[in-house]
Amino acid sequence: MSTHRNQRVIVGISGGVDSSVSAYLLKALGYEVEGLFMKNWDEDDGTEYCTALSDLEDAQKVCDKLGIKLHTASFSAEYWDRVFEHFLDEYRAGRTPNPDILCNKEIKFKAFLDYAQALGGDLIATGHYAQFSRFGEHTYLMKGADPSKEQSYFLHAVPGQALARTLFPVGGLLKKEVRRIARELDLITHDKKDSTGICFIGERKFSDFLKTYLPAQPGKIVTDKGEEIGRHQGLMYHTIGQRQGLGIGGLKGYDDAPWYVVEKDLDNNELVVAQGGDHPRLFSAGLTASKLDWINGVPAKSSFSCYAKTRYRQPDQLCRVDVQDGGVRVTFDKRQRAVTPGQSVVFYDGARCLGGGVIESVFK
């Protein structure tokens, strides 16, 4: 077994099973391991929403069991400034953002990394299902081994310099293997439910949360032919491809086919819907994206073919990427369904994640 006794690793301990097993694996390899519990949200901390208090208790029990020290730190101010305000700005603009990606870039692999350095850490580690490959001076982000949990999509904006100081101990394992290890160690987190959704929203209704910060602007729901068939409470509560929660079922003069959101008309504050999950207006030939993050630098070629995802867990889609000033134009081999401005498009060369950007617009 290789040893790393001269290297101190600060593990982000969330109170979940993945980070718990990550800490164990690193200690077993001989690293000097300490944990850090990050608190990123201060607005409310009831157990029905964010579970920071119970998560901290679980994190402490895991560290006690493993015999490692647990530090705690609040990055709430950084989260508000660098992530949450951007989240609100995007919704004001009628887009659908993904705060987890920005949180990884700005908090988990920047604020946390800086804090870990101050603690004397040589490296950081997280429980993400991703891997890395090193070649010369470059560190490449690679897909995790478990296709059902693979998380490189959320890590595409993390710069290569940060990845070079990061370990992903469970990235080469399947989730069931991680739970088995935790169960054999009798860790309190071995059967803990995976966290889902955005932490600061938790299990509450999304529209109720958003109303707390942004005033609703009701408007018309219109068909793809321009006929008004209902009212919406705010475009920000809806996303492209949405079927549930429109409140327009059983309309006279229309068949029973389900309605889907195909456009958010910001100029007229209208929600445009069409019937059928395969309606042509749900599909796009390509997209434009900005705010590009290339993990290992801008590609040498201004035009190249690769694979891309426009949402988490989507199968890789073959495409052509044309690099332009300030962004890219992406043309897919096959038309893509429900491509959503504000979400991220992430590029791959096989198992290697190249980077990605924020979707600005689509073209049909």
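Every residue gets a Cβ built from N, Cα and C, even glycine.
Owing to the predicted nature of the structure, the values given are computational and were not obtained by experimental measurement.
ATP is bound by G12, I13, S14, G15, G16, V17, D18, S19, G127 in Swiss-Prot, and the record lists one more residue there from M38, M142, which is M38. Following the DSSP three-state reduction, the secondary structure of G16 (ATP binding site) is coil. If you take the Cα of C103 (active site, nucleophile) and the Cα of G12 (ATP binding site), they are about 14 angstrom apart, rounded to a whole number. Comparing H128 (site 'Interaction with tRNA') with M38 (ATP binding site), their Cα atoms are 15 Å apart once rounded. Every protein chain shown contributes to the tally, and the Cβ of D18 (ATP binding site) ends up with 27 other Cβ atoms within 10 Å.
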